[in-house]
Amino acid sequence: MAKEPRPVEELSLWDDAQAMITKARAEGIDTVYERLQHQTPHCRICEQGLSCRNCTMGPCKITAKAPRGVCGADADVVVARNFGRFVAGGSAGHSDHGRDLIEVLEAIVTGETTDYKITDEPKLRRIAEEVGVTVAERDVKAVATDLLEVFFGDFGSRKKQISFLSRVPQKRKDIWKKLGMTPRGVDREIAEMMHRTHMGCDNDAPNTMIHAARTSLSDGWGGSMIGTELSDVIFGTPSPSMSEANLGVIKEDKVNILVHGHNPVVSEMILAAARDPQIIAEAKALGATGINVAGLCCTGNELLMRQGIPMAGNHLMTELAIITGAVEAVVVDYQCIMPSLVQISGCYHTRFIDTAQKARFTGAIHFDIHPSNALEQAREIVRLAVKAYSERDASRVDIPCEPVKIMTGFSNEAVISALGGTLDPLIQAIVAGDVRGAVGIVGCNNPKIKQDSMNVTLAKELIKKDILVLVTGCVTTAAGKAGLLVPEAIEMAGPGLKKVCGALGIPPVLHYGSCVDNARILQLCAALANALNVDISDLPVGASSPEWYSEKAAAIGLYAVASGIYTHLGHPPNILGSETVTNLAVSGLEDLVGASFVIEPDPVKAAELFDIRIKAKRKGLGLSE
Ligand code: XCC
Ligand code: SF4
């Protein structure tokens, strides 16, 4: 029997989303919300992480009646193995993305491509020096060649630890060493997780969890950090600028191209092609006033940070953006791209274009993009979009709102430069209690949760308490739409934060980039800890992913905890079937790594928990609460 559709007010915080869900329903188009209803109720056993299909003696379901799988694995082993593979999947996503940036750098130095270049040479030299490459009196190509070998090496099996552990406070490295948690090589840790979780291998849940943490650390301090740093080298290190967000950034009189996915390698070329005067002239010949490139999800974040492109939306806006009827093309790279976008594009004149061999979509137009052909292929893609403009059905266009202003571009380099060249003013503000602490709110939307309701409420509650908020990933657009990413948002902040951000002319919620850019937050925490000569777990900081859904978000959460950062999740991963694993996650890790997860579905209560934590950490540092 068909279920009653849920009222749109329950599905999203936003008018633009509600209007487009209503339009989709009127046009008979299913979205994530209908599909979720069809999938509900979910399998309870899978939700608890108690199903195993790691071999064909099974699949097995662990229940009270059948407490062991065919091989004898119990609930703890099955849950830990499933969680370990979940984290390995997320770490693989971020890190394979990082590897793609190394390959672009390689194509630059070998001359295989001229479409890309080294934009921030000083940064290249800086990070090369950090990881032990000789820099003095060597030309940029020689330095880059050595650097990319070091980074390729970080993915391999020949190192005792990955290079960017040079950034980690010694106390933290000692903890990792003692626990056997030091990440050695990115691919190695991921492969070893697959090995350990094969039947008959690592059958001790805490031991599996330790390796899950090591795997996630190889992502945070390895794959993701390399991805962020090389993206800055190749496309430029972000600095503050203004842009806009919500579906209103889609323009009725323009050819609209949405870039979606994660890696800036393709989307930067789409943007470059869309700025080509010749192609703009072709768009104008068809009656458009220009070509508009807007972002979705993290590839949007990457281009927003560096190029200031507007953000059409986050995860749960990706289908709804197409429903406006005004999108000529959706160009995707990889990750978080719902396959449903192909079908929804097919309901309109929208061209759905995939660009990566490792992320093909049945029914999409495929362009095989490599560093050597990227710009030429991007021009062809933009021309396809221009052509599609003439097929747009004006009677089906509905752009539901006006965009809101946002400020973006807060790399650590930009923050330090805004502070006058050092972190000292920030440390003084923390010591004085004007900035009581900082929390990174990161991650996704999940259709099980009213879109952005938790992301926004948590951010608002924290800034009221003089806690600085850093946002990345899909929380960016949430914070932006709520008016939190502009300097005027200091009016919503507590007195201390208002004073500090007001003096600097910055918002109390800072856009720190995409999800791989959470590595920037790790780096900032490490720098603060080193400056104070303490461990990261001593800092008055926290992390949160209120509306997370993905394997990558689990990897981020775990590397945050393993790095010593207290981390809130709005709902638990599929681990509740094991008391051992659950207890480890929400308390046992505290004894091991000085931080743990906290699960709290109420964002107001979550803010209070952060407040308590920050008070305790401030006290530990001898500071006023
Ligand atoms: Fe994906 Fe990065 Fe989550 Fe958004 S936040 S839904 S992972 S796009 Ni990373
Ligand atoms: Fe069942 Fe064990 Fe095979 Fe998993 S590994 S499917 S628990 S027999």
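Placed from the backbone N, Cα and C atoms, the Cβ positions cover glycine too.
Bear in mind that the values here come from a model prediction, so they are computed numbers and not experimental data.
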*Per TrEMBL, member of Cys71, Cys201, Cys297 binding [4Fe-4S] cluster 2 alongside Cys52, Cys55, Cys60*: Cys71
*Out of Cys43, Cys46, Cys401, Cys444, which is the one TrEMBL records at the [Ni-4Fe-4S] cluster site of His262, Cys298, Cys336, Cys474, Cys515?*
Cys444
*Only counting partners 6 or more residues apart, tell me which same-chain residues put their Cβ under 8 Å from the Cβ of Cys298 ([Ni-4Fe-4S] cluster binding site).*
Gly261, His262, Gln335, Cys336, Gly473, Cys474, Ser514, Cys515, Val516
_Most Cβ neighbours within 10 Å: which of the binding-site residues Cys55, Cys444, Cys515 is it?_
Cys515
*Report the binding-site residues (Cys43, Cys52, Cys55, Cys60, Cys71) that meet this criterion: Cβ distance to the nearest atom of ligand 1 under 6 Å. Use sequence order and write none if nothing qualifies.*
none
*Cβ-centroid neighbourhood (8 Å) of the [4Fe-4S] cluster 2 site, Cys52, Cys55, Cys60, Cys71 excluded*: Arg53, Asn54, Met57, Gly58, Pro59, Gly69, Val70, Ala73, Val78, Met199
*Measure from each Cβ of the binding-site residues Cys43, His262, Cys298, Cys515 to the atoms of ligand 2 and list the residues where some distance is under 6 Å.*
none
*Between Cys55 ([4Fe-4S] cluster 2 binding site) and Cys444 ([Ni-4Fe-4S] cluster binding site), find the distance joining the two CA atoms and give it rounded to the nearest Å.*
32
*May I ask for the distance between Cys52 ([4Fe-4S] cluster 2 binding site) and Cys444 ([Ni-4Fe-4S] cluster binding site), taken between their Cα atoms and rounded to an integer number of Å?*
26
*List the residues of the same chain that sit at least 6 positions away from Cys71 ([4Fe-4S] cluster 2 binding site) in sequence and have their Cβ under 8 Å from its Cβ, in sequence order, or write 'none'.*
Cys55, Met57, Gly58, Cys60, Met199, Gly200
